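Data block below; observations after.
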């Protein structure tokens with residue numbers, strides 16, 4: 001059997017009882033190690049907690065060499081551990097499909113992820129629209145397809161969760177081209193860099209999906225003991241040092257409820273200014289007043 005086990009957001013102790021029991025019965029344990037990280041638990045701590053070795057599964061192993069993970073899973077139990085919830089990435093869905101095609105039984109053990117824990121910032125989950133990912137820009141690659149999703153969300157008044165890029169066990173273009181197994185140090189996108197890229201793309205696209213004054217909430221180390229929130233405009237957060245990773249950002253939608261705003265004010269250094277930013281932003285995509293159709297003179 002293949003177990004996909006969610007680990008939660010921060011600590012080795014965030015695993016559920018059901019998930020821990022599944023891991024302990026498995027012959028092999030793999031930890032997916034490229035879409036996210038456990039902020040307060042090392043590989044060695046996990047091995048001590050589970051009482052067995054843990055193999056780090058990088059992007060290449062999961063996407064290209066998944067046969068190693070699925071090896072003998074029809075005869076013995078194998079665990080594939082995922083930070084957050086198992087279905088937070090499409091590659092995990094692909095792994096399940098491959099297992100089922102081989103006749104391997106799959107069991108999923110869910111856990112908390114950024115997709116639901118983001119509610120701890122005070123915004124109501126059913127007021128969120130499409131989630132986007134912000135990747136590190138390079139000199140030759142500055143994707144902006146996510147911009148249209150933000151625009152759609154904002155037009156219908158919904159919040160946008162922005163997931164920030166991480167780079168773990170990545171190769172430089174030169175080392176990749178030369179076939180050298182030399183990897184770059186891990187990198188984690190910061191709130192400030194995300195906001196700078198947001199402003200750059202708005203200047204390029206010019207459709208006013210948002211402005212420098214659009215209110216947001218910056219979320220640092222969600223689910224960890226050092227979790228921190230800060231409310232402010234995109235321009236203000238572009239100069240904000242959010243500290244250690246991991247970081248996320250929420251761009252507020254027009255339909256910001258009074259209770260949501262009251263909660264967000266607790267994270268603002270200048271509450272009156274932030275409240276004014278929210279109220280002005282609510283007018284930004286305000287629908288035109290309804291005009292009844294002309295009556296038929298006949």
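Glycine is treated like the rest: Cβ placed from N, Cα and C.
What Swiss-Prot annotates here:
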- 9, 85, 88, 113, 114, 164, 222, 247: S-adenosyl-L-methionine binding site (BINDING)
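Feature map: Swiss-Prot annotations on the structure.
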residue : record                               : DSSP class
9       : S-adenosyl-L-methionine binding site : coil
85      : S-adenosyl-L-methionine binding site : coil
113     : S-adenosyl-L-methionine binding site : coil
164     : S-adenosyl-L-methionine binding site : strand
222     : S-adenosyl-L-methionine binding site : coil
247     : S-adenosyl-L-methionine binding site : strand
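Cβ neighbours of residue 222 (S-adenosyl-L-methionine binding site) (same chain, under 8 Å, six or more residues apart in sequence): 9, 114, 117, 118, 120, 246, 248.
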